[in-house]
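Chemist: The structure's right below; bear with me while I get my questions together.
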Amino acid sequence: MTELSIRPDEIRDALQRFVSEYQPDAASKEEVGTVAQAGDGIARVSGLPSAMANELLEFEDGTMGLALNLDTREIGVVILGDFEGIEEGQTVRRTGEILSVPVGDNFMGRVVDPLGKPIDGLGEIEAETRRALELQAPTVMQRKSVHEPLATGIKAIDSMTPIGRGQRQLIIGDRATGKTTIAIDTIINQKQNWESGDPAKQVRCIYVAIGQKGSTIASVRGALEEAGALEYTTIVASPASDSAGFKYLAPYTGSAIGQHWMYDGKHVLIIFDDLTKQAEAYRAVSLLLRRPPGREAYPGDVFYLHSRLLERCAKLSDDMGAGSMTGLPIIETKANDVSAYIPTNVISITDGQIFLQSDLFASNQRPAIDVGVSVSRVGGSAMTKAMKAVTGSLKVDLAQFRAMEAFAMFASDLDAASRQQLDRGQRLMALLKQPAYSPYPVEEMTVSLWLGTSGRLDKVPTEDVLRFEREFLDFLRRSHEGILSAIRETLKFEDDTESSLEDAYNSFLDQFQTSEGGSIKVGHEPEAEALADEDVEQEQIVRQKRG
């Protein structure tokens, strides 16, 4: 049996080698809090005395939370994600970071959640950088007045309530009156600009869905994909199944993605659908955090909630790159009541509103825009010269028609001027009808509105107005493409363009027939039939009474 020998020299050398190579870990200091209470997407955390407002906190299971209430002894935290695994007594750590989202061109064509994570099953998104959600809006000196048009492709909007790049235009109306359809049409109408490849014309679009049904968000994505508009659109989705915290943050996520492009000198269109649901989510969060309620139980800072969001939409000065972000917030009313708290707040923040009436929608006047109440406070300076030339007094005429419409049933007793105003108003209303997802190019819209405002449709039966417009535009594309291209390239409606259009109109009248088979060309009217004897007697009696 061998003896165990101890060699002190080897032991000493090994110890000396270990001591010389030893590197102690750097001392670390970490603030750790404890969950005192959790439920309904809210957690109250004790400890963490150095936590900042809007700081991200990490729970034990990796779920993130947002510190909103900084009380004396506790922090009120909104849980961002699934809160089922968060229990009383768990530890909470500070991250030292403010909530931010990844941004970049790779987000176009994708659907993401309010944290910027993809939810469309198409893989991860490679971001260019990150951007804070709570970011200061451009200052007064960094802005420029709105002067460039942003065409929606909707005749009733581009002619009477035009929108400029950098403008905030509210879309307001009852549920199921076509608010989302107007927003989607506006996105689809940017396709021609996108395909031009000109950065000065291209508009990147962001659609923020707040509290919508999942099926509705899927149908919007499908409509954009079918129209070829998804390639330049980002969808930020916070469906109805999401927590109130996610619905509250979703608009800021969309705004952060858009601001990245705006400060890069590009043009952005962002749609918030809809801010009523965001305000309701913020109300729920505030009540759960025990903040004092105000009017309609909303917290006192609900105006600031929307103002700091919508003020980020701007037209930047040339020194800042001349980028722009145009905002189309949507607000849902109850029984057409625009005097409620949230509608009046957003109306006062925005640069105009498009008011949709449920009775117009029910009478098949779509888009159901009430031109008497709708207004654009800054878009007029961004209107193209061609549109200005053909619209003229269109808005006033239609507002007067709406006021006189109640007397339409007494048309036989009205004077000739009033009857003519009613007839033209009916034809203009018919002309402004437009199916969903079919925006008009600016040149075709100019020609269409010229037909209505110049009286060229006065002899066309009301039921034939849209068919006349469609066939006349087809006729111009086939035989007079030069007229349309002149308007498209110059965005002007010159005298020679109008005279050429007049000649084309007269040529078209030779081939157009009404639904009853008649012609509307002067000199081709059917002869009036002779009155029957009893009708002659009746006419004479009426004249004697009037005489």
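Using the three backbone atoms N, Cα and C, a Cβ is placed for every residue, glycine included.
According to Swiss-Prot, the record shows the following:
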type	residues	note
BINDING	GLY173, ASP174, ARG175, ALA176, THR177, GLY178, LYS179, THR180	ATP binding site
COMPBIAS	528-538	compositional bias 'Acidic residues'
REGION	526-547	region 'Disordered'
SITE	SER374	site 'Required for activity'
Chemist: Counting every protein chain present, what is the number of Cβ atoms, excluding its own, within 10 Å of the Cβ of ASP174 (ATP binding site)?
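Modeler: I count 18 other Cβ atoms within 10 Å of it.
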Chemist: Quick check: which same-chain residues outside GLY173, ASP174, ARG175, ALA176, THR177, GLY178, LYS179, THR180 lie with their CB within 8 A of the centre of the ATP site CB atoms?
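Modeler: Checked against the 8 Å cutoff, the neighbours are GLU332, LEU356, SER358, PHE361.
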Chemist: Please report the distance from the Cα of ARG175 (ATP binding site) to the Cα of SER374 (site 'Required for activity'), rounded to the nearest angstrom.
Modeler: 17
Chemist: Which of the three DSSP states, helix, strand or coil, fits THR177 (ATP binding site)?
Modeler: coil
Chemist: Find the shortest Cα-Cα separation between SER374 (site 'Required for activity') and the binding-site residues GLY173, ASP174, ALA176, LYS179, THR180, and name the residue that gives it.
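Modeler: Checked the binding-site residues GLY173, ASP174, ALA176, LYS179, THR180; minimum Cα distance to SER374 (site 'Required for activity') goes to GLY173.
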Chemist: Can you name the residues of this chain that are 6 or more positions from ALA176 (ATP binding site) yet have a C-beta less than 8 Å from its C-beta?
Modeler: SER358, PHE361
Chemist: Enumerate same-chain residues with a sequence separation of six or more from GLY173 (ATP binding site) and a Cβ-Cβ distance below 8 A; give 'none' if the list is empty.
Modeler: LYS179, GLU332, THR333, ASN336, PHE355, LEU356, GLN357, SER358, ALA368
Chemist: For THR177 (ATP binding site), write down the residues of its own chain that are at least 6 apart in sequence and whose Cβ falls under 8 Å from its Cβ; none is a fine answer.
Modeler: LEU356, GLN357, SER358, PHE361, ALA368
Chemist: Under 8 Å Cβ to Cβ from GLY178 (ATP binding site), same chain, six or more residues apart: give me those in sequence order, or none if nothing qualifies.
Modeler: LEU356, PHE361, ARG366, PRO367, ALA368, ALA436
Chemist: Name, in the order they occur in the sequence, the residues of the same chain whose CB lies under 8 A from the CB of THR180 (ATP binding site) and which sit 6 or more residues away.
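Modeler: Once residues fewer than 6 apart are set aside, THR180 (ATP binding site) is near THR216, VAL220, ASP273, ILE330.
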Chemist: Using CB atoms and a 10 A radius, I'd like the single residue among the binding-site residues ARG175, LYS179 with the highest neighbour count.
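Modeler: Result for the most crowded candidate: LYS179.
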